[in-house]
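Reviewing the structure listed below.
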Amino acid sequence: MTMSVNQTLVTEFLLQGFSEHPEYQLSLFICFLSLYSVALVGNVLIILAITCNPGLYTPMYFFLLNLATMDIICTSSIMPKTLKGLVSDRSPISYGGCMAQLYFLTWAASSELLLLTVMAYDRYAAICHPLHYGNMMNKEFCSMLAAGVWALCACNTAIHTGLMTRLNFCGPNVITHFFCEVPPLLLLSCSSTYVNSVMIVLADAFYGILNFLMTIVSYGFIISSILKMRTSEGKKKAFSTCSSHLIVVCMYYTAVFYAYISPVSSYNPEKSKLAGVLYTMLSPTLNPLIYTLRNKEVKAALRKLFPFLKN
């Protein structure tokens, strides 16, 4: 096969998936299909409940709608291919398909991290500055924040994907994961990955560390304000408005720190696959359940939308 210097020698990758454990593939297929179905149905219901109920046209639910959309993009960018790979002997993915999967997955995952920080700020404004909340989180400002999250992460992801397309892949072409991800792809490159590695460190510092610290600071102020409240009823009501978000933040950052805040050279396939399951399947599945089961307004909106749920 002869190609010019600027072209990649590899036109197709093979996703390893879970082929090293063939005895579990049927069980994994059933488990992943169930998680994917629940994630899709749950997040679509969240979107419908919010868009069809004017009573939920508030900043908190506006950001929740964006979160549900991100979850659908995140899980849908990898699950169809993963499920197909679990029932096939091989799981090939074209070079272009791999880059597209990398882009949409990274876009949705990074957007979710940034949105969780925005949602923490929204809860800070609501609890710490209730009298000024309407002015601080007006419709225009919320729309600007959401658009900023989507746009910033789209640009960041375009840079990473663009840098990836500049690399040469000479073989082997087996990606030690069940989807296309930056670390295992860099390990397959036969050209210098220095710039890619630098950009990964910068992205980790911004998305993983800076955003996490901003979220922690927001909740520091929130907890301080709750403790200063005089009535136990006020404390309970204030905490209930942010407890669901806090659970999601802890769950998502646990997966991120577990696998991705580390050098590419120390990449561990098994650890990365587990973290991948956590943030691409388990998190999108649990998010709508956490927000609906702990939120009376969302449950009421769903019952109004689907009367049979009243039973």
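Keep in mind that glycine also has a Cβ here, set from the backbone N, Cα and C atoms.
Automatic prediction, not curation, is the source of TrEMBL annotations.
Record features (TrEMBL):
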TRANSMEM  24-48  transmembrane segment
DOMAIN    42-291  domain 'G-protein coupled receptors family 1 profile'
TRANSMEM  60-80  transmembrane segment
TRANSMEM  100-121  transmembrane segment
TRANSMEM  141-159  transmembrane segment
TRANSMEM  205-227  transmembrane segment
TRANSMEM  239-261  transmembrane segment
TRANSMEM  273-293  transmembrane segment
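Of the recorded ranges 100-121, 141-159, 205-227, 239-261, 273-293, the transmembrane segment (60-80) has the largest number of C-beta contacts under 8 angstroms with 100-121. The stretch in closest packing with the transmembrane segment (239-261), judged by the count of Cβ pairs under 8 Å and taken from 24-48, 100-121, 205-227, 273-293, is 273-293. Among the stretches 24-48, 100-121, 205-227, the one making the largest number of Cβ pairs under 8 Å with the transmembrane segment (273-293) is 24-48. A mean pLDDT of 88 is what the model gives for the domain 'G-protein coupled receptors family 1 profile' (42-291).
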